[in-house]
Amino acid sequence: MATLRIIFFVTLLAAYALAAPAPAKIKKRSFKVPRHINAPVHRRGLNGGAAVRKVFNKYNLKGGFIAQSKTGEFTPLRINAANSTANGTGTVAANPGDNAALFLSPVDIGGQTVNLDFDSGSSDLWVFSTDLPKQATVGHGIYDKAKSTSFKEMTGAQWQISYGDGSGAAGTVGTDAVTIGGVTVQNQAVELANVVSRSFAQDTNTDGLVGLAFSNLNTVNDGTKKTPQKTFFDNVMKDLDMPVFTADLDPDGTGVYEFGKIDATKFQGEMAWIPVNASTGFWQFPSAKFAIGGKVVDNPTASQAIADTGTSLLLVDQNVADAYYSQVKGAQNNAQVGGYIYPCSATLPDMSVAIGDTYMAKIPGNQITFATVDKANTTCFGGVQGNMGAGLQIFGDTMFKAQFVAFNGGNQSLGFGEKPPVA
């Protein structure tokens with residue numbers, strides 16, 4: 001009888017378990033973020049030489065490749081007393097020229113919206129803040145930690161980025177609620193600039209960056225050792241349908257970043273996947289072949305390449321750029337302008353660059369021109385430029401406009417799909 005009672009009890013428990021509702025699963029999701037034109041700058045037009053200088057400085061390419069995350073010295077903005085007023089406000093020179101940092105996306109930090117550059121070539125989420133002198137914030141959107149109810153100081157934490165031309169920024173670190181595309185990460189590390197170089201202050205095109213490279217590249221430290229903080233993507237990845245974000249850029253540079261989903265309607269055929277070397281902190285891969293007009297050429301001494309949404313140009317090994325423009329009638333490498341120029345009437349051949357060993361990313365010739373050089377619009381500046389032997393290739397917007405690219409943080413790989421041709 002005791003045995004029968006035990007059997008009955010076990011059966012009853014099993015029936016209850018089957019009838020009871022299962023614990024609710026956290027719904028995974030995806031979200032989109034627009035990438036829009038910084039209109040005041042766009043009206044002035046693009047500047048090819050400035051775009052070349054920007055990428056060289058970002059990666060400290062002069063004299064060889066040094067990662068952006070290195071700690072170095074930079075020259076902070078010095079406020080000229082003659083430019084200050086009694087109430088502490090003042091002015092700095094207007095942006096001295098056209099700049100290539102034109103495309104921004106809205107980010108909410110502690111309830112305050114700023115427009116930031118989504119940058120797969122760095123790993124710091126930093127922003128202009130009220131900790132800066134007022135003279136350094138003229139023309140910028142700024143974050144005020146005092147207006148946030150969720151900000152928490154990270155005691156002793158600091159950060160610094162420095163570039164090859166002596167520009168840079170530095171400051172303190174805290175955590176706050178960061179919302180992108182309607183998705184919020186609580187306690188996201190936010191780096192508050194309290195000092196910037198003059199060139200950063202004068203560049204009113206952006207109020208900071210959202211770094212989307214790997215977290216080991218993050219520059220946060222405690223004064224004695226590195227203490228890298230997770231990027232927004234690293235923090236949100238576990239809650240996404242897929243551990244990816246994609247870049248879908250239009251020919252004019254606008255477009256959409258989508259997190260958690262790969263939209264197969266945005267590209268032709270199958271997506272090609274290539275593993276990356278994440279140990280560098282970058283989305284880095286080999287690129288040892290190129291093609292001009294469909295003719296494939298080996299590049300046995302090729303530099304490694306990086307996929308960088310924060311760079312406007314396609315910066316390739318110098319021999320690759322030289323080979324390409326040898327096929328463009330009237331092209332010349334003009335030191336005064338800062339790169340290869342050619343008659344705007346010239347017909348440009350298609351170009352392809354290797355992504356790993358298995359995929360060639362094609363950029364149609366009609367999408368390679370970056371900007372005009374003269375007021376008459378007769379001379380053009382190429383969106384493909386050489387790295388002057390610097391030892392690194394940077395694949396930026398010139399490539400992204402022709403390729404739909406997925407960044408997979410789960411298995412550390414890049415996916416490429418050719419976009420439909422543009423008429």
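For all residues, glycine too, the Cβ spot is worked out from N, Cα and C.
What TrEMBL says about a protein is an automatic prediction, not a curated fact.
DSSP assigns Asp119 (active site) to a strand segment in the three-state reduction. What TrEMBL records for Asp119 (among others) is active site.
On its own chain, Asp308 (active site) has Val55, Asp119, Ser120, Gly121, Phe282, Trp283, Ile394, Phe395, Gly396 as residues at least 6 apart in sequence with a Cβ closer than 8 Å to its own Cβ. The active site annotation in TrEMBL covers Asp308 (among others).
The domain 'Peptidase A1' annotation in TrEMBL covers 103-417.
As annotated by TrEMBL, signal peptide applies to 1-19.
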Neighbouring C-beta atoms (10 Å sphere around the C-beta of Asp119 (active site)): 23
